[in-house]
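Asker: The following block contains the structure, expressed as structure tokens.
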Amino acid sequence: MQAAPRLRALQRHLGSSEGRGMEPTSSPLTTHVLDTAWGLPAQGLCLCLSRLEDHGRQWTELRKSYTDSDGRCPGLLPPGPMKAGTYKLSFDTEGYWKKRGQESFYPYVEVVFTITDETHRFHVPLLLSPWSYTTYRGS
């Protein structure tokens with residue numbers, strides 16, 4: 001597979017407004033995982049959402065799920081405001097790459113972030129390859 005077609009597929013996918021999951025009745029937190037090695041959504045990647053509780057001493061798992069065929073994980077939280085606090089999205093990248101017969105460097109990726117404004121919506125994308133990853137606060 002050539003790099004240029006993979007890049008175009010990834011650019012088309014990132015620019016797509018389909019299934020953004022940001023409608024008013026959707027979860028206040030969304031994620032989207034893209035496999036940049038193949039230029040495709042990362043389907044079937046296991047992830048966990050946790051919140052820091054007990055005065056910053058204990059992570060409480062809120063939801064465990066898998067990305068869909070579009071690399072998204074709908075319904076991470078019920079519709080409505082998010083409780084202010086510190087959250088963590090843990091992505092099982094080792095499991096994802098092993099299913100594809102691919103060696104990888106990072107066994108998991110943890111993205112920790114703080115919510116201070118409960119009225120906002122939050123999107124946390126993950127761009128993933130066997131040897132690197134990138135994340136950012138999306139819209």
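Numbering starts at 1 and runs along the chain as displayed.
Every residue, even glycine, has its Cβ placed from backbone N, Cα and C.
For 1-28, the entry in TrEMBL reads region 'Disordered'. Summarising the annotation, TrEMBL assigns domain 'Transthyretin/hydroxyisourate hydrolase' to 24-138. Feature annotation from TrEMBL assigns substrate binding site to His32, Arg72, Tyr136.
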Asker: Which residues of the same chain, at least 6 positions away in sequence, have a Cβ lying under 8 Å from the Cβ of His32 (substrate binding site)?
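Answerer: Correct list: Pro41, Asp70, Gly71, Arg72, His123, Pro125, Leu126, Gly138.
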Asker: Mean pLDDT for the domain 'Transthyretin/hydroxyisourate hydrolase' (24-138), as a whole number?
Answerer: 93
Asker: Quick one, of the binding-site residues Arg72, Tyr136, which Cβ has the fewest other Cβ within 10 Å?
Answerer: Tyr136
Asker: Is it possible to list how many residues within the domain 'Transthyretin/hydroxyisourate hydrolase' (24-138) are helical, extended or coil according to DSSP?
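Answerer: Across the domain 'Transthyretin/hydroxyisourate hydrolase' (24-138), DSSP assigns the residues as follows: 7 helix, 54 strand, 54 coil.
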